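TrEMBL annotations:
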type: TRANSMEM; residues: 46-65; note: transmembrane segment
type: TRANSMEM; residues: 88-115; note: transmembrane segment
type: TRANSMEM; residues: 169-193; note: transmembrane segment
type: TRANSMEM; residues: 246-266; note: transmembrane segment
type: TRANSMEM; residues: 278-295; note: transmembrane segment
type: TRANSMEM; residues: 328-348; note: transmembrane segment
type: TRANSMEM; residues: 360-379; note: transmembrane segment
type: TRANSMEM; residues: 391-411; note: transmembrane segment
type: TRANSMEM; residues: 423-454; note: transmembrane segment
type: DOMAIN; residues: 478-698; note: domain 'STAS'
């Protein structure tokens, strides 16, 4: 596709780089000695740090109770219904007694409510994290170490106590790693976890979790395995021991699986008619527990005793840290990667931001404090997060409500579920098939990081200005003679934009433009929402006056419609009734149609304010009407780049700034077309061969304000 070119003529001498630098009086850009600000102390800075590290103080005082509380309440209860059976089952995955899954569903969730920045993710027990913990507990505290010499049986109480000690120490160490990494701003590492990497890694997880649960499905007692190829060995061992299958256990698992699938299909079919999804997990749990308790299921393993009440805090054993440090770091990175990936998905969908460094701190504190109360490491669950969002959850108040529900279970109702059979719980997330979770993640990240270099992570962003009497545009921070074109902002990055720096590109763009785009959009939506509520109240109050049944009727519009009246004269004489019947009917229909037209016009007048501009809403307007993205350094396009560009168009149009792209290479344009980037809102009219072409077009077609012919001629 040939890019659009404007016809213009520029006469200037040919310049080399040295002459251009001399003409523009190039100098080094002013350095920002940010490290100096780290050591400054003031009340305002202390308050800002408090809000930064305790985000609940920012949003909770402004919480709109009437608008959001009901949604958060229903969402919290729905998530708690899922959290209960998952907590019990995932504790078994971790090799621990099930009650510790309930503890891990309470303490960390409430801590994240205070320190987290995502409004929609559901923190708590997570299948992949549980499998990773289970590989540690089963390898460091295997059954063979607790055989009783008298009868060669396993001392379950001693084994479980040792595994709980290992898991809680592991959680404390994971928390320390995550908090430390968050404080040194290690959150940037998530940019190297590309969407294909996360999807491939999480897809393989389903296989890992599925095979790890086969022994429970068939009722087999297998040896514990860990390390590379352990998954293959486990699958082979399951196959060899299939003749030893416990039929009752297999039937229970199959029936429970069918019930879960049927309830899921029913929820999908009736989702428009149900206020909240049917709790298939809870119904299965209650039904299986009732059947197991009422009629007894011979040879079916059950969850076992669930003690009521909380446990006191216990300090971890420092002697265990040396044996757990490697696994703890791997679990810390995996847990953070999943949480921040899901957090960013929901943030992008609902128009807010999550702070990757603060997420590290929040998860770290959740795991650290949870470990002191004998919890095992947690992250967030996609299934529960989707439920939390789809059932109307708006903030982490939903998470706090779900944790309080779990607290009630722990204190009073936990013993009701001690006859629950060990069912199969399949969750499709992070794992690898051959090398186990930690080694698989390490290989994946190392391979991904080989594809990028430091300059891609730390590009140079610049706002461009026009050099005097030329069609050349350079960084205004380096060239003192370069001048920004009035009403037009030109932005450029020194490197291509893809998954590793797309978010940095968007952040730098909004920062260099000098406009708090996100805050301005939020204020605009809030004001428009208020106008919409006023409109609904106005429409409710503006009821049409019903036509009276008098022989001679005079109908006027309501008081807010001025100078509009309709008169209807009906001849009621006995002799003329028959002759006037048709005419009277026509008059009646005409009158009703005119009333409908008046009402429709009144509604349109009422809706007009809802389509208000920033100026009409009393909001500050940007000092530029057009934004030009110099994409000359864009060498390829991936899905993340496409999404980021679309978001830039959307956000800046919300604040009444039109966006154009310039200097794209032909292969890039082809990739944009192949990725279906262009549509009804973003057309090829927004694509130009050069920055100068885009500038002239932007000045001739400003989004707001009159065209400046003198300025266009000067260019």
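Yeah, the Cβs are placed from backbone N, Cα and C, and that goes for glycine too.
Bear in mind that TrEMBL entries carry predicted annotations, made automatically and left uncurated.
Remember, predicted model here, so these are calculated numbers, not experimental data.
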* Chain residues outside the transmembrane segment (46-65) and at least six past its termini with a C-beta under 8 angstroms from it -> 113-117, 358, 361, 395-397
* Asked: With the transmembrane segment (169-193) as the reference, which stretch in 88-115, 328-348, 360-379, 391-411 has the largest tally of C-beta pairs below 8 Å?
  -> 360-379
* Averaged pLDDT score, the domain 'STAS' (478-698) -> 73
